[in-house]
């Protein structure tokens, strides 16, 4: 029930004119002409429509195939939608980082779980691109120039936030000063896992000083004091429930991230084989090497120690 004096809650732009629980009232013949189809609002000359709310015009006008090939539209939309999902993943990860710094773990759990679900969407998206055959891709590949997913600055920020730091990966963005500066700040900041390790220290676990004061521009490396802390958490989960849940959220996240990488490799092998990538990398062999990267090493190693 609405408290007296409170304004009515704003209506979801996707909902109809009536509340979801409003009873259906059959309309008299001829009512549709004036009341709208099933009483839905049909005139948006003075109000915001679905397309207005979502800014659909610029989004749907952002696909500009460079080749005459029919399949290029699939290629463009696959990558554009992936960038949108990455935008959401980054949005949630930044919020999770802030929550962890503030010791507000339940909201961080929700955000990290959402990122894992976003990664599942990205995994499934490869199934759509995999409908493109090698001959179809070969017809449009010359029009791509040197552009490559390797140059995705959102993907690079995602890698940096998850702890896979590499200063050389700033170079493809030197021609975009604002993006370069943003990525450099992310490179130099503590990663998600760095903040979780700081959390372990705040909760009383003896983390080595050199780990807490690490060079944030370097990739995550295994630390025995961090593994000892996680071992204590896993041996007595009820005594450290929030940290135990955090550990499992991180494992879920890396699991989903690995699946995304693996699906990327297999899709590339299926479509282009072992040709060099458009961005100059070795293509599939480079992507296979990336499968060996471990983001949260102690959380995986502790499973053997238990």
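Glycine too: its Cβ is placed from the backbone N, Cα and C atoms.
According to Swiss-Prot, the feature region 'Disordered' maps to 1-33.
As annotated by Swiss-Prot, substrate binding site applies to 75, 76, 77, 78, 79, 137, 141, 278, with the evidence given as sequence analysis. When secondary structure is read from DSSP and collapsed to three states, residue 79 (substrate binding site) falls in the helix class. For residue 79 (substrate binding site), applying a Cβ distance below 8 Å and a minimum sequence separation of six or more within one chain yields 149.
The heme binding site feature in Swiss-Prot is assigned to 264. DSSP assigns residue 264 (heme binding site) to a helix.
Sequence-distant contacts of residue 137 (substrate binding site), defined by Cβ-Cβ distance under 8 angstroms and a gap of at least six in the same chain, are 71, 75, 271, 272.
Taking the Cα of residue 264 (heme binding site) as the reference point, the closest of the binding-site residues 76, 77, 78, 141 is 78.
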